[in-house]
Amino acid sequence: MYKHTRNGISVVILSVASLSIQTLLTAISMSAIATNGVVPAGGSYFMISRSLGPEFGGAVGSCFYLGTTFAGSMYILGAIEILLMYIAPSAAIFVSDNPDGEAGAMLNNMRVYGSIFLVLMSLLVFVGVKYVNKLASVFLACVIVSILSIYTGALVSAFSPPSFPVCMLGNRSLAQHELKDGQCMKTLQVLLEPPPPLEGANASESFNGTDAPPVTAAAAQERTTDLWRHFCNSSELSAVCDEYFLHNNVTQIQGIPGLASGVIADNIWSSYSAKGDVLERGSHHSPHRDAVSNHFPYVFADITTSFTLLIGIFFPSVTGIMAGSNRSGDLKDAQRSIPIGTILAILTTSLVYLSCVLLFGSCVEGVVLRDKFGDSVKGNLVVGTLSWPSPWVIVIGSFFSTCGAGLQSLTGAPRLLQAIAKDNIIPFLRVFGHGKANGEPTWALLLTAVLAELGILIASLDLVAPILSMFFLMCYLFVNLACALQTLLRTPNWRPRFSYYHWTLSFLGMTICLALMFISSWYYAIVAMVIAGMIYKYIEYNGAEKEWGDGIRGLSLSAARFALLRLEEGPPHTKNWRPQLLVLLKLDEDAHVKSPRLLTFASQLKAGKGLTIVGTVIPGNFLQTYGEALAAEQTLKHLMEKERVKGFVQCIVTQKPREGISHMIQSSGLGGMRHNTVVMGWPDAWRQSEDPQSWKTFINTVRVTTTAHLALLVPKNISLFPSNTEPCTDGFIDVWWIVHDGGMLMLLPFLLRQHKVWRKCSMRIFTVAQMEDNSIQMKKDLATFLYHLRIDAYVEVVEMHDSDISAYTYERTLMMEQRSQMLRQMRLSKSDREKERVRWSFDDAQLVKDRNSMLRLTSIGSDEDEDTDGPGAGDRSAEYRRVHMTWTRDKALQLRSNTQTHTASVCSTPEGFRDMLNIRPDQSNVRRMHTAVKLNEVIVNKSHDARLVLLNMPGPPKNPEGDENYMEFLEVLTEGLERVLLVRGGGSEVITIYS
């Protein structure tokens, strides 16, 4: 059983007051924005876009344009409905004889007349807005006269209430249009004699068989009415009738008892009725609450009433507050007119709405107020009957009011669209920015008329209307947001002349707008937000590259400052570590990037996350090459856009590129937002280069990154790496985990596999063991470690056997030293040639250790390993003897001394230069070459078919004179591999097993 009551004055006043407050707060925010500078055409769109950016402005402005356009359709349809129902019913073109077809015929009439009205109004707007303004004065006068007639009629009703009968059965109202005979009674007495019947129905009628004039039984006959036949399914007096019909009398009450009747006491409080409930009078409900058949001529509630429904019904009456701002381009002084006109209009209309609620609740019966379609009063206008001196005042006023609202919509919507099109934030709307010579939006008006015609052809906009209300509420929300944001940011340009605003008021208005959206209809609110979101993303992706100094940019700066200060509190935790890249690119003489695939690889590694800085060094003087630096910056930006890399560009002009790279590595980034990984290309064809600066710069960069404790990634054969449009359909990413580097070798394949190019590749991890190591236990430990890291990979332990140094290794080392000596002879002075022979000092590589085993593989080496001073020297010598069985330490030292003496003697004279080919290789170089050759053989054997091979990158020699041999060792290590990524850790852990 449903609790059956009505919407009372208290609830209606609350809903009207809340909407009035919301519109007033929005008007205050709009006034502040409008007085903060010149507001050209576009009104609300201009305010939002210049305050929140083109994306928000375009999205909300487009939705507001659609809402204004379809609102124009609704106003026109409302005018047609008044015309056909009250002014000229005979003008209907389509007429249905079947009652069920009346609604369809009415819709067809509205489509025809609505299209005619739309054409006429569009032509009027096309001729000129000045004619619309003249008609607006006429329409306003009609509306004012109508409002005054309502006030006058309410006062008159206190002394002389109008005749407005309503038929009631008990407390239930009856639909009089279903009573064909028009009799509000159960039965009536019909006189049979005298032959001429009495004139006037009242002379022979009796309500419920009582109070009838006395007649003789022979002279009168009791007959049933149409009401009896509805409740008894028969015209016989002996028929079985509905129980409620038998126990209650039929009465007639005045639907408008007047201001002095005290009916306000029954209308003050409210509750709600469910769909299908019968409308009842007063606070006393009928004792019989059984289900009521809809075949009875009661007045039923067609919808379930609630406060939220009341909000949704009333909201369209407050959607006109932007009408003045939409025509801001036509105002003489928009900064003055918009605040004054809008706020005074809201105050006036709010006063009218609230007073009318009180007057209607004080003068009209509740059952009549809740009768949506006027069934109980034969479809007559209640407010028309209440008005004075004639209902025609209200009818004519309502007709011109809706026509005026439709004209205002057709005037404001095209100007809104033209402003959006002129800003070119939505490319396909560009054509609608053009108009007549005087600026009238001709093309925008044409599109608006077409869209309005679609709304008229739909005719019934009950499903579309809630979305339109959401569009208006969204516009109000963002106007309040713009004002609050600008106020809180306190930007220097925020100096509105309108001073009666505060960010708390704007925030309150924004909150009310958001609440009203979800209170009135949460699913329509979501639909509207999705539509606005789609427009926002389209503009962001394909539209505006505008810089209007909007508040969102200021908010971004404030948020960035706050975030940077937070990052300064300490280094990031291992769980939050991700490669923040500094990508070093080189430009050719034509300012083209030499290795664009390097940026492609960076984009695949980053997948749009974290920081990316793309840097290059321009050789020269900054004062003279500033233009070249700007051109290089634009080149890099275009390449980043092409590769869809989000990041920053940094160009440094310096006399020496080596120093420029060092400065860039030291100074790039800001605060805690700095790079932790450097990506640079391998110097291809360095052997054939006559200028050694390229590979010397490379090695210097390696040293700088090592000193700065930064990770280093060096893709070799970068031109063979896949592009973003060449995904790998299968294959492996092989990791050769030789030296523990903080987990970089584990993390990088995982990050690469997040990208579509590498997603289908499987991961394999290889580690190297000696013959005496427990390979099975090593594999188990490594598999357990990967399990805790949540990394899915195949694990294999490769055993390397001790072997004599091959003749190939010996010859390869000899060729390296001969080439190095020849180049040194050609470019060094005599005093330089007398300097000490190159001493290799590769960094010791920290070996992978676990509790049961350690990898006993010497790195591609360091001279410091052979220093016998200090603890553990004997162990290291024994280790070397295990790896290189043929060579002992004494032999190595002796041969080194002999080789250095011999080299110095043969290089001290020109004749000795020719005998240089007879030198014997340094045995430490032979040992390192042996390690590189053997490791390369194992890698090529296992990973020849891999899509990508990741290797530890040995450290550079501490003595710069050994740079050439270092490059040669790296070449030997990676020989025969198609794609190689050399990885050098930054000295910190980058991956953890903990959550």
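Backbone N, Cα and C atoms are what each Cβ position is placed from, and that goes for glycine too.
Fair warning: this is a prediction, and the values are worked out from it, not measured in the lab.
If you look up TrEMBL, you'll see 8-158 (among others) marked as domain 'Amino acid permease/ SLC12A'.
Annotated transmembrane segment per TrEMBL: 12-33 (among others), in sequence order. A Cβ distance under 8 Å defines the sequence-distant neighbours of the transmembrane segment (12-33), meaning residues of its chain 6+ beyond its ends; these are 44, 47, 51, 270, 307, 310-311, 314-315, 318, 321-322, 325, 338-339, 342-343, 346-347, 349-350, 353-354, 357-358, 361, 476, 479-480, 482-484, 486-487, 496, 498, 500-501, 505-506, 508-509, 512-513, 516.
For 45-67 (among others), the entry in TrEMBL reads transmembrane segment.
Positions annotated as transmembrane segment by TrEMBL: 74-95 (among others).
The transmembrane segment annotation in TrEMBL covers 110-129 (among others).
Residues or ranges marked as transmembrane segment in TrEMBL: 136-159 (among others).
Per TrEMBL, domain 'Amino acid permease/ SLC12A' is recorded for 294-582 (among others).
If you look up TrEMBL, you'll see 298-322 (among others) marked as transmembrane segment.
Non-local neighbours of the transmembrane segment (343-369) in the same chain are 6, 8-9, 12-13, 16-17, 20, 23-24, 27-28, 31, 147, 150-151, 154, 157, 164, 166, 168, 173, 253-259, 261, 263-264, 266-268, 279-282, 299, 317-318, 320-321, 324, 376-377, 382-383, 386; each lies 6+ residues outside the stretch with a CB under 8 Å from one of its CB atoms. The transmembrane segment feature in TrEMBL is assigned to 343-369 (among others).
The transmembrane segment annotation in TrEMBL covers 389-407 (among others).
Sequence-distant contacts of the transmembrane segment (443-461), counting only residues of its own chain at least 6 positions beyond either end whose CB sits under 8 Å from a CB of the stretch, comprise 66, 69-70, 72-74, 76-77, 107, 110-111, 114-115, 118-119, 122, 125-126, 409-410, 413-415, 417-418, 421, 431-435, 468. Annotation source TrEMBL lists transmembrane segment at 443-461 (among others).
TrEMBL lists 467-488 (among others) with the feature transmembrane segment. Residues 22-23, 25-26, 28-30, 32-33, 36, 44, 47-48, 51-52, 56, 60-61, 63-64, 66-67, 70-71, 74, 312, 315-316, 319, 321-322, 461, 494, 501-503, 506-507, 509-510, 513-514, 516-517, 520-521, 524-525, 527-529, 531-532, 551-552, 554-555 of the same chain, all 6+ positions outside the transmembrane segment (467-488), place their C-beta atoms under 8 angstroms from a C-beta of that stretch.
Marked as transmembrane segment by TrEMBL: 500-517 (among others).
Residue counts of the domain 'SLC12A transporter C-terminal' (596-713) by helix, strand and coil are 57 helix, 23 strand, 38 coil (DSSP-based). Among the features that TrEMBL reports, domain 'SLC12A transporter C-terminal' is placed at 596-713 (among others).
Taking the domain 'SLC12A transporter C-terminal' (729-848) as a whole, pLDDT averages 67 in the prediction. Per TrEMBL, domain 'SLC12A transporter C-terminal' is recorded for 729-848 (among others).
If you look up TrEMBL, you'll see 858-878 marked as region 'Disordered'.
Sorting the domain 'SLC12A transporter C-terminal' (927-995) by DSSP state (H, G, I as helix; E, B as strand; all else coil) yields 31 helix, 10 strand, 28 coil. Under 8 Å from some Cβ of the transmembrane segment (298-322) lie the Cβ atoms of residues 6-7, 11-12, 14-16, 18-20, 22-23, 26-27, 30, 43-44, 64, 67-68, 71, 74, 169, 172-175, 272-279, 292, 342, 345-346, 349, 353, 367, 370-373, 375-376, 405, 408, 412, 465-466, 469, 472-473, 475-476, 516, 519-521, all in the same chain and six or more residues away from its ends.
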